[in-house]
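Only one structure is covered here, and it is reproduced in the block below.
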């Protein structure tokens, strides 16, 4: 296998130049923008199921499906934003446009809440006499959801890569990622508590109006910092070179692979000694893409035909992505149970006793606050206590894959606890007819929050470090893509369970949600076994000059 390529080396190969912009002076602008956008986006999305049920008279399971689709789009769109940033505009332009689009969508959502003619007439929730929304009302609602989802999706993980790009040292980038996730969880926590409480207890229009206000502040703050940002110039579509590797290797599939350096093509920016001179032995079929043959040059000007001849660096970049695919699949299937649990928890909360004291009632949409609080707390505990203590005892750092693995185990454990709690809730309802306290739903949320404190930072660290420099925006968006796919898989799984069993009726007191959780436990155990196998065969691309990662500590 070819020698390791550092992040700085890849930048040199790609022709990057240093800039006087960037650094820690950009930190307040990036973090403030992240905080405001998170408060705004989580403020409306966390209570979307309740809004659809109470204001648009959508039945419970249908509302959960719509919420999953919206959340899926919210987490899929960052990939499109990353592609636009990497290929054409740069992430600063994409973030600026996305914050404005999000603001437009939230303003329209506020208008829907303010004007009675844009939603059905009020009625008692669950009554058969409730009026269904008209096509015009649904059309305006869906338009607002498309706009606010597009805008929020375009900023969430683009801000992560834009912030990390302001720093040269991997250590500083790692510190920023920790602050980014902490800010994300704090913003989500604020949106899911203060904003949701106002929506439930004061008015929807005030709640959505506050979301619009925080979005506007984020837009202004980000624009004010424009002169300070280091904006990585897009290098053209990096996906074109990835596709060309496959095409060139296929065209020359009958060529004999050589072991001589002079037989392989190196790009103009790859003459540095630290750039690879020979392609690695893994996925040897792709090595033919960099193998020089007589037909590989254009006859007009003598330049290389990119569809027949790629550089060694381009081949290795493609292999780096290909090697991550098995791990990426495993991460998708562990995120799906978390998404299903989030939807079912809202429905469970609606049929529990949510009163805490004589004057306070826990909003069903705010239940995820427990998860966010747990995750935020343990991100701090991990960075200040758990990770340093582990390194002191073992003289090694926890690798990204180890963090992801710990998160997967905790996720499975939370599903087990959820199944036990739901069985107890059903038994309580059957025996005395009284709803169980909402406090019983807290323990599994705490456990899954601890798991996310390990897993999500591990995911983004893995992809950011292992992807080529030209695809850094795409790398950070992959965590969001995983979550987005999970929402669609969860919707499909819920639909399948509804079609084949009686576990998920509209009235979950007549169903068996605990059986759903046990299915997720079994699937989680199988997926964890697959993850362990994939991790065992994975070798990190060691980042030279990165003091945060000891070359002796690259095993899973």
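Cβ coordinates come from backbone N, Cα and C, glycine included.
Remember, predicted model here, so these are calculated numbers, not experimental data.
Per TrEMBL, the range carrying the annotation transmembrane segment out of 299-322, 515-538 is 515-538. In TrEMBL, the annotation transmembrane segment applies to 100-118, one of the ranges 5-23, 100-118. Within the listed segments 210-229, 230-249, TrEMBL records transmembrane segment for the stretch 210-229.
Your range for transmembrane segment, going by TrEMBL and the list 386-404, 405-423, is 405-423. Per-stretch counts of Cβ pairs under 8 Å to the transmembrane segment (179-198) identify 362-385 as the leading one among 139-159, 327-350, 362-385, 474-494.
Between the transmembrane segment (362-385) and the transmembrane segment (210-229), fewer than three CB pairs separated by 6 or more residues in sequence fall under 8 Å, so the two stretches do not touch. Nonlocal intrachain contacts for the transmembrane segment (139-159), taken as residues 6+ away from its ends with a CB within less than 8 angstroms of a stretch CB, comprise 30, 33-34, 37-38, 40-41, 44-45, 56, 70, 73-78, 80-82, 85, 91, 94-95, 97-106, 108-109, 112, 118-119, 133, 180, 184, 215, 460, 473, 476-477, 479-480.
Remote same-chain residues near the transmembrane segment (210-229) are listed as 21-22, 25-26, 28-30, 32-33, 35-37, 39-41, 43-44, 92, 95-96, 99-100, 102-103, 106-107, 109-110, 151, 162, 166, 191, 194-195, 198 (criterion: CB distance under 8 Å, separation of at least six residues from the stretch ends).
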